[in-house]
Amino acid sequence: MLKPFRLVIVDDNPHFRSILCDFFQSQPDITIVGTASNGLDALPLIQKEKPDLVILDIVMPHLDGLGVLEKMADVPLSERPLFVVLSAFNQEALTRRAGALGAHYFIAKPFDVPTLGERVRQILRRDFAPATAQSDAAASITSQTPASSFPSSSSLTPAASPATSSVTTTTLPPPDRLDIQATDMIRLIGIPTHIKGYQFLRNAIILAVQQPKLLDAVTKALYPRIAEHHHTTPVRVERAIRHAIELAWTRGDTQKISHILGQPMDAGRGKPTNAEFIAMVAETIRLQRT
């Protein structure tokens, strides 16, 4: 009997790590040998456990996913694991950079977890299993794949090869759940889910993506729409959203937020206005959906 493949999961979201761990621990051909919440903790873990493959998030505190790949580039190829890179941003430049640093596959969030499992197996078998055993093994394991998933599905993109710098895309159905994209973006930025402003901000972002002209009349049109839906007043909506943004800026990492939104943040200028923040997040989501 073949030994199970050894897997390390590196992601700063504990709930998401738990989802991935629960799924892969249920697979007979894969074993989780460790998890980490940031790049600095991931490096010694990888060195110690010597996994076959690492699932690596891009946006993390202390040292991000690209930083981990840069550090691992100094490790001899024979001692280096395969890397599947996760990101909420399906951007070609990011894909190319990850590929140039040695990532084997790039997956855009949100995605279907069983599909991720199959991609992980395909990558591992191509590199480690004998070619004659691939088709039979694939059939037997696919039949055991559970139906659990992470919300929605997205495109899965092999990372650009360092030799060719080209990007080959395997496309699954694009995300059609705008609410999930907005929720994922707010979570990444670090806005607490238990405050009123979280829900108001989520609604505002969704409306701004669907109807960009509302951003020209935030006070007169956008806030009243949200207030009517939640049976409150526009003033309370504005204040709650302002509070949510303030929490993200005071408790979060502005460098990480800048990376998520793909825009530099001027620390001297302070936090953005409600309208600016909603516009930035809505634009980021629109770019993801094109």
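Note: Cβ is positioned from N, Cα and C throughout, glycine not excepted.
Bear in mind that TrEMBL entries carry predicted annotations, made automatically and left uncurated.
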Site co-member for Ca(2+) according to TrEMBL, given Asp11, Asp12, out of Asp57, Asp64, Asp74
Asp57
What does the DSSP secondary structure composition of the domain 'Response regulatory' (6-124) look like, as residue counts for helix, strand and coil?
55 helix, 27 strand, 37 coil
May I have the list of same-chain residues other than Asp11, Asp12, Asp57 whose Cβ is within 8 Å of the Cβ centroid of the recorded Ca(2+) site, in sequence order?
Val10, Asn13, Phe16, Arg17, Ser37, Asn38, Leu56, Val59, Met60, Gly65, Leu86
Identify, among the binding-site residues Asp12, Asp57, the residue whose Cβ has the fewest other Cβ atoms within 10 Å in this structure.
Asp12
